[in-house]
Amino acid sequence: SAIYELSCEAYKHLGKTSNYYWIDPDGSGILGPLKVYCNMTEDKVWTTVYHDLQMQTSVGGSSPEKLSVLQLNYSATMDQISAITSSAEYCEQFISYSCKMSRLLNTPEGNPYTWWVGKANEKHYYWGGSGPGIQKCACGIERNCTDPKYYCNCDADYKQWRKDSGMLSYKEHLPVSQVVVGDLDRPGSEAKVSVGPVRCQGDRNYWNAASFVTSSSYLHFSTFQGETSADISFYFKTSASDGVFLENLGNTDFIKLELKSATEVSFSFDVGNGPVEIVVRSPNPLNDDQWHRVNAERNVKQASLQVDQLPLEVRKAPTEGHTRLELYSQLYVGAAGGQRGFLGCIRSLRMNGVTLDLEERAKVTPGVKPGCSGHCTSYGMYCANGGKCVEKYNGYSCDCSKTAYDGPFCIKDVGAFFEEGMWLRYNFHSPGTSMKDLVSRTLLSSADPEITAPDLSLNKEELSFSFSTTKSPCVLLYVSSYTPDFMAVLVNPTGNLQIRYNLGGTKEPYNIDIDHRNMANGQPHTVNVTRNGRDIVLQLDHYPPTSYSLPATSDIQFNSPKALFLGKVIEIGKIDQDIYKYNTPGFTGCLSRVQFNQIAPLKAALRPTNASSHVHIQGELVESNCGASPLTIPPMSAATDPWHLDSAFNFLFTASADFPYNGQAIGDGVNRNSAIIGGVIAVVIFTILCTLVFLIRYMFRHKGTYHTNEAKGAESAESADAAIMNNDPNFTETIDESKKEWLI
């Protein structure tokens with residue numbers, strides 16, 4: 001049975017993030033698994049397959065041969081790539097021809113000098129940005145070629161470098177397997193060819209589904225051809241306790257899959273030796289309206305059945321007797337021959353590697369509806385950090401609008417780097433509206449509706465954010481009001497964190513001081529502060545939460561909140577003396593995932609949302625992921641932690657490679673030269689790191705090692721962070737800010 005998922009879409013719905021994965025597009029069929037890059041950063045997943053032709057490969061320079069053939073070798077077979085393109089909703093491949101006195105398609109009338117070969121060894125005479133049957137380049141379609149007499153820039157035959165490039169997106173012709181270049185036989189003729197990887201988006205098979213509304217409804221397909229081997233897999237979701245999934249009959253032979261009871265799935269067949277039945281019993285009910293996966297296989301040696309991750313049930317075939325399954329009737333999905341059919345949803349039904357189009361057949365069949373609803377019951381848990389699961393016809397998506405996060409699962413930090421003197425203000429009510437502005441009132445209140453009092457006073461707040469800085473003192477965050485009330489999170493001159501509340505009723509503001517930790521050490525730190533009336537709970541990084549209580553005389557209403565400041569406080573009226581002092585020169589460093597009740601000020605500033613009008617920024621806000629999550633590492637762990645070298649080594653190696661396409665690495669080291677160069681660089685970096693580690697150890701052997709109680713879980717945290725850095729394509733932008741914490 002398949003040990004790999006069928007597609008990138010399947011990995012995404014196991015909650016996986018962007019990375020290289022092995023996929024097996026036809027289950028246990030003949031194609032076998034292949035390694036692809038799955039990019040999960042968008043709503044629809046991109047699957048990328050790489051080849052070994054380098055970008056800007058030079059061809060020609062007055063060679064006597066008329067044609068130069070560039071061969072592309074992929075990290076997969078053509079059949080494997082076809083399986084991906086045929087099930088995808090859209091595919092594309094970038095192609096570019098840079099030329100100096102080398103014509104491309106010989107437009108407007110001539111025979112093309114250059115062409116590319118695609119699937120099934122067909123020649124194609126159109127170029128990137130154009131389509132089948134149109135002998136033009138992108139500039140010919142857009143009518144902006146260098147010389148309007150021609151339909152390609154290169155066809156003008158200039159002595160200066162010109163270029164024709166664009167996407168090939170007719171997926172039935174992809175991938176490009178060869179580029180054949182002509183017009184190189186004149187002195188001074190030169191050309192360079194670039195071809196990107198094949199990228200496909202969407203997976204029509206994974207969500208291809210039908211809903212069976214009555215127990216007598218069924219879909220029928222042509223006879224299943226599974227004489228010597230059968231491989232059947234599908235997902236089902238039901239609240240009924242029994243029903244037939246599918247059945248195909250012969251004279252006496254048959255094959256059948258059914259839900260026998262709320263906890264039993266049965267696979268039965270007869271190849272002429274009498275009926276055989278394999279049953280998988282589940283400890284938990286299978287009619288819980290969640291998706292469950294069934295995989296049934298039969299060959300001449302044995303038969304097996306697996307449901308979800310439950311143990312595989314296997315039955316050996318008899319050593320003698322019949323082995324061929326001879327079927328004649330149509331294949332019925334759902335009720336067959338007067339039996340009680342399946343009620344609920346079946347999706348992604350694959351029989352011997354071919355996905356049956358349940359959706360199309362359901363459109364013309366009474367009692368069966370195309371598609372399914374209720375994906376959130378199974379997958380809603382993947383929407384993290386308060387993201388809401390939204391049902392879609394074919395799948396689901398996560399709505400992150402009420403969170404400080406981004407990305408398909410609301411787990412991507414939205415953060416920014418603040419330079420000295422920069423600040424951000426988020427006004428709780430829009431310009432030109434009254435204090436009783438409803439939108440702000442709902443967002444400002446936490447989830448409880450009773451807090452939206454007309455005068456907008458808060459008796460509870462939830463604040464969370466992450467920061468890193470090396471400079472103290474500074475103001476991280478400040479919430480002002482139309483009264484003397486305020487709340488502030490500060491780093492004091494010694495680098496310690498301080499939470500300050502002034503809600504009235506006390507002479508001095510109430511301070512929570514975290515004295516024993518230097519927070520201005522350049523590492524990312526997370527802060528969570530929750531106040532409910534008098535009770536305050538503070539959680540720092542991975543330490544246990546600590547509880548505090550406002551003094552008995554203190555008011556517990558935060559009256560008339562006005563604005564939230566990040567980095568610096570620019571507010572009219574009287575400001576607390578310490579905060580005034582800490583305000584100059586201002587915060588320098590990184591702030592991310594800032595959330596105050598349901599307001600995400602940084603996200604409002606960096607992503608155009610309906611809250612963006614509330615934001616005012618002084619200076620230029622540069623987006624950054626701030627080194628992702630906080631580390632639980634002692635400052636000197638680099639010297640003793642064996643993971644450190646690996647992670648830094650991996651990180652440097654991945655960060656220093658020059659990725660020509662879409663920020664991702666080329667798979668499987670297909671190019672030998674770059675592998676050798678990469679190896680040399682890696683060895684040099686490794687040597688430097690070893691020397692550094694040796695020096696650090698030597699220095700600290702004399703100075704005495706500095707221990708803190710932050711060492712718990714250090715190894716796992718450090719490698720996990722390294723993994724985040726390696727996997728996050730946006731990370732390379734933030735190397736400068738995060739150098740301090742990585743090359744300790």
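Here the Cβ of each residue, glycine as well, is placed from N, Cα and C on the backbone.
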Q: Consult TrEMBL and report which candidate among C345, C389, C398 shares a disulfide bond with C372.
A: C345
(Q) Test of understanding: give the count of other CB atoms lying within 10 angstroms of the CB of C345 (disulfide bond). (A) 22
Q) With every protein chain in view, how many other Cβ atoms are within 10 Å of the Cβ of C372 (disulfide bond)? A) 24
